[in-house]
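Some notes on the structure that comes next.
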Protein chains: 2
Amino acid sequence: MNDSLGTVTTERVVLAHEGDPLVLVSGARLPHVEVAYETYGELSAARDNAVFVCHALTGDAHAAGWHEDARRPGWWDNLIGPGKAVDTDRLFVVSANMLGGCSGTTGPQSVDPATGRRYGPDFPALDMADFVTVHRRLLDHLGITRLHAAVGGSLGGMQVLEWALQEPDRIDRAVLVAASSRLTTENIAFSAVARAAILEDPDFHGGRYAEHGVTPRHGLKIARMMAHITYVSGISLAEKFGHARDTTGTDKRLAADFEVEHYLQHQGESFLGRFDALSYLHLTRPMDYFDPFGAHPDAVPSTRFRLVSFDSDWRFPTAHSLRIRDQLGARGVTVDHTELASPWGHDSFLLEPPGYHDLVRSFLA
Amino acid sequence: MNDSLGTVTTERVVLAHEGDPLVLVSGARLPHVEVAYETYGELSAARDNAVFVCHALTGDAHAAGWHEDARRPGWWDNLIGPGKAVDTDRLFVVSANMLGGCSGTTGPQSVDPATGRRYGPDFPALDMADFVTVHRRLLDHLGITRLHAAVGGSLGGMQVLEWALQEPDRIDRAVLVAASSRLTTENIAFSAVARAAILEDPDFHGGRYAEHGVTPRHGLKIARMMAHITYVSGISLAEKFGHARDTTGTDKRLAADFEVEHYLQHQGESFLGRFDALSYLHLTRPMDYFDPFGAHPDAVPSTRFRLVSFDSDWRFPTAHSLRIRDQLGARGVTVDHTELASPWGHDSFLLEPPGYHDLVRSFLA
């Protein structure tokens, strides 16, 4: 089960405390921030081989390798490891759970030191820049001044973009896969329905559901089922499930019958066990407001960018990557973009469509 | 407020009774079926000028003209009326609420004569062919042997297609706008999430919510909000709402803030007052199973078909109309198809993109 990454474990570190609180873009302060992170490979003596990996909406620090007794490897294990595109024989990889998350880093279900109770609905609204502030502190903690590269897909890519504009001289190379610098109105619309499903679930209890001993299961499940459709492509759904169903002939039923329905039910149900509803709200919302070129009008990163998009991605289609390319290009930043053929839609960034991993490998070499 | 249609009223007629029940495709029987319908214009002495209009998912019998004290006209008033594309100076138009609906025709909230209580969850699953069976009975009741035309958009067009294949010699002309002969897996996926939102709402009470004095408001609202996104286009959402929001600068909130969110909230809320959750389930489900060319492999309608699709419709894109054209063409049926440019997505069939109404007018002339 283990390859030469060995068994990996998630570390935790305190990156903000009362004497040095995390000040958010909104002005709110978090007096205590813990961050869960993993590292793979060895930091070179010159400290010049670090690669920071930013996870997407429902990811966590466990990007690669195997945890003890785990049944599955990290979410980006096909990309990161010995001899892989992000080659841990050569590179030192850092992966951290995002601020606001629910997998070890401080988030809405953490205890507010000021009250001794969970933040719940009082957890402050986050900005993409706040995620980056925490990543920066983690790097400082690890004693890494400059990154060989930062890599992220989807929301992860958005963090990388924000970071490069925030600290124009800290990241040598940035890989943004299926990312966006500005959601469309339709993107926001889907996000709004998912959030409404959670916020208006009677079991949400104004965000104090944990104190009521419940979770807004219904809303969170529906949100996930709907979002999942936007992560895949019509082509891949058709190829995978077609019109296969349990009933035959003129038999039919209102409840789940088609295979695609069972599949979505499974996606929704399994999500409940691993994700928190308030984290879902807090991690999706910053995407709606994200406008890094507007927020950093004069930033000219020294970073070289590689952008990858997928032709079947209808959540963040190639137009999103082209906008990033054009905005960076107009500032004189070195950037290239490739649209790859892939049948799997937005989720292609987690898979291995032809050419994808080679684009990452060659850029990091 | 009245044009020369005058004030229109909805009629009700009993089309099935214990001695002549409606036998459904599933084998289930409805011993009492009432149908709400409206007519516009005058039936000619030769009874050869009748046009049947089939409504879409959330429509009703009130397609044109104004009800007394109404604040808005029928849902297809821009298409149907004196001098309009479906010209009531010349044509006799019939429009009926569908079986399973909640606007006057027998549906899940009707009383089951066998028990004296509402059908609720015991209302039988419907097939597209069942909708048509009721339309046929209504025509018989009105003494109309042959239709000059049948016209429908979206689900309405699907009924027209089923009808023409079921009764190959009863309809002279069929107009199918933004229709489909076979949902994609992705179509079914969206439908599945909407139905799950309703079925799994705790207030659904296994379909007996009316007896509990509640409705599954949360689920029905979320279902409608999500479905609404699929009825419009990304372009029209962007043009209408862009990124306008209530807050400014770095202010932000989890609850509705962007204009598109308020718009979707309004769409969801207003739907609750006019539509029943069980009807929503019963009218969407037959679309998932719809496969009329499979169900009628040898039918060769004498009907001439005109198909219209819209280039921004991503619910039933042009490929759906092309499939209908090709299937009909292969059977030697006369059919033409036009894709029109329109920014408004699937809902274009209710609006007036350039060329659309002329295509209907010329075909019915």
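Using the three backbone atoms N, Cα and C, a Cβ is placed for every residue, glycine included.
The annotation active site, nucleophile is assigned in TrEMBL to A:Ser154. Marked as active site by TrEMBL: A:Asp313, A:His346. The substrate binding site feature in TrEMBL is assigned to A:Arg224, A:Asp347. Residues or ranges marked as domain 'AB hydrolase-1' in TrEMBL: A:50-353. The feature site 'Important for acyl-CoA specificity' is assigned by TrEMBL to A:Arg315.
A:Arg315 (site 'Important for acyl-CoA specificity') sits 6 Å from A:His346 (active site), taking the Cα positions as reference. A gap of 4 Å separates the Cα atoms of A:His346 (active site) and A:Asp313 (active site).
For the recorded site, A:Arg224 (substrate binding site), the DSSP three-state label reads helix. Around A:Asp313 (active site), the same-chain residues six or more apart in sequence whose CB sits under 8 Å from its CB are A:Ala178, A:Ser233, A:Ser342, A:Gly345, A:His346, A:Ser348, listed in sequence order.
In sequence order, A:Tyr231, A:Val232 constitute the residues six or more apart from A:Asp347 (substrate binding site) in its chain with CB-CB distances below 8 Å. Just so you know, the Cβ of A:Arg224 (substrate binding site) picks up 24 other Cβ atoms within 10 Å once every protein chain is counted.
Cβ-based neighbour count (10 Å, all protein chains) for A:Ser154 (active site, nucleophile) stands at 27.
By a Cβ separation below 8 angstroms, chain B lies close to none of the recorded positions A:Ser154, A:Arg224, A:Asp313, A:His346.
Distance from the CA of A:Arg224 (substrate binding site) to the CA of A:Ser154 (active site, nucleophile) is 16 Å.
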